């Protein structure tokens, strides 16, 4: 048993933990910047978490273990002076222009500057930002005038993806962050997943914005602008309007999109149901033809880049069904014009995504037909929130409305795509019905749900048993492959999501304060919104979506055949 005193209060504990964690667990506030829970920074130390230990002096709380007899002061004059001095030093390398900054509402550094009344000794105000800003990537933007060199992006990349694509670099004697040899991230092993952006406490890292594309289209009279949001957006955007975590705001988003001026409001959940129609059909065909196995999902562009960069031998095993975003985009330029009488050239398709890698996917050269892009612009959850705020739309007070029916209806299977295991479960619901030519009532595959890194299950289809696996996060895919598990048994179907927790934890989602992350399992809470929708929808299988059935009957024909196979599939190659 250890006895310690913090700010005059005695605690008894058996824990072996750091001063920072123990203090926060006991509601004692200690400021921090470089520290992220479960992602400790062993590269750069910001020293913002400095505390004073009697007999020892000033120490950093994030990496100093508590010891019996410690007397700790978190708010002494020496502590406050040290922290203020460090913040002032950081201000000397940080462009302190908060007005136009996209992080001004949730900038962790700004809060520290205000709290400690810090000032720069020599303000950093570059006249020409060209050498500091890297916008070459289709997904990510780096603004080094904002970078504090805290190392959170480097550590988050290493822990969450194990690609170590984000690095500290030496440029003319100065330390910067970037890709190896200052290459464009797209030309490296980077997954473009955006976990580095989520980790960044300031605006040094952000998504490549498509907002100007969208605004220009909305202001072009000849353009018919349609929009569709991904499943996870409805589970998170409320956080950016002070509505708390885990609030379903589907109807409010539809209303806000109409007020922004979009001509038609559809839903990517419809695209998810389309993907399942094709993917489940493909799985059944492989079962009937005895392979090739395993079939991997292909709807996560971060995972696709991981396969391309590290395991190109697996590309032939990826499902050829387009992702919900791309398959929706294809339908928006073919089926939708056929029922609306519009010229496909005038249809401008926008998606709202929780993912930065979706921007890269949408801009792949092959993702077009007859010169028309499947998707014209991709905005993240954060970008949509900014558009709503810029338009002064009172989001939290909006009445709910519905999506437009032609491509806005969706099933519970489409809704759960945003959670790890959701694609697997949705596909199995339809594949089992297709293979057994029945409408089965037992539709929940809870063994593939949850946040474990590698989940396995055995499913029965037509009295035969099939092995499936769900890989939760890019780092766990590396573990799965390096362990040899893929060769230990015959897997038939494997889902992979690059981001831990799935799309609900994507790189385009709202920033969450690290202190909140220590208290709230954000992945679980956001996913609960999707599972709740699934549970309460009358149609819980993709092939029960009446608007989808109508589309196949009147335009695409049978899933996996003819026109459907020709334009709703894309084969990734080495």
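Even glycines carry a Cβ here, placed using N, Cα and C.
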- Query: Do you know which of 101, 107, 200 Swiss-Prot groups with 147, 150, 153 in the [4Fe-4S] cluster 2 site?
  - Reply: 200
- Message: For the [2Fe-2S] cluster site that Swiss-Prot describes with 46, 49, 62, which of these is also annotated: 34, 98?
- Response: 34
- Record-annotated [4Fe-4S] cluster 3 site (Swiss-Prot): member among 157, 184 besides 190, 193, 196: 157
- Task: Compare the Cα of residue 49 ([2Fe-2S] cluster binding site) against each of the binding-site residues 98, 101, 150, 196 and report the nearest.
- Result: 150
- Message: Quick check for you: of the binding-site residues 101, 147, 153, which have their Cα within 10 Å of the Cα of residue 196 ([4Fe-4S] cluster 3 binding site)?
- Response: 153
- For the recorded [4Fe-4S] cluster 2 site, whose residues are 147, 150, 153, 200, find every other residue on that chain with a C-beta no more than 8 angstroms from the centre of their C-beta atoms, and list them by sequence position. 148, 149, 151, 152, 154, 177, 196, 199, 201, 202, 204, 205
- Could you count the residues of the domain '4Fe-4S ferredoxin-type 1' (138-167) that DSSP puts in helix, in strand and in coil? 9 helix, 5 strand, 16 coil
- Message: Using other CB atoms within 10 angstroms as the count, which residue among the binding-site residues 196, 355, 499 scores least?
- Response: 196
- Among the binding-site residues listed here (101, 150, 153, 200, 503), which has the Cα closest to the Cα of residue 62 ([2Fe-2S] cluster binding site)? 150
- Item | Cβ neighbour count (within 10 Å, all chains shown) around residue 98 ([4Fe-4S] cluster 1 binding site) | 14
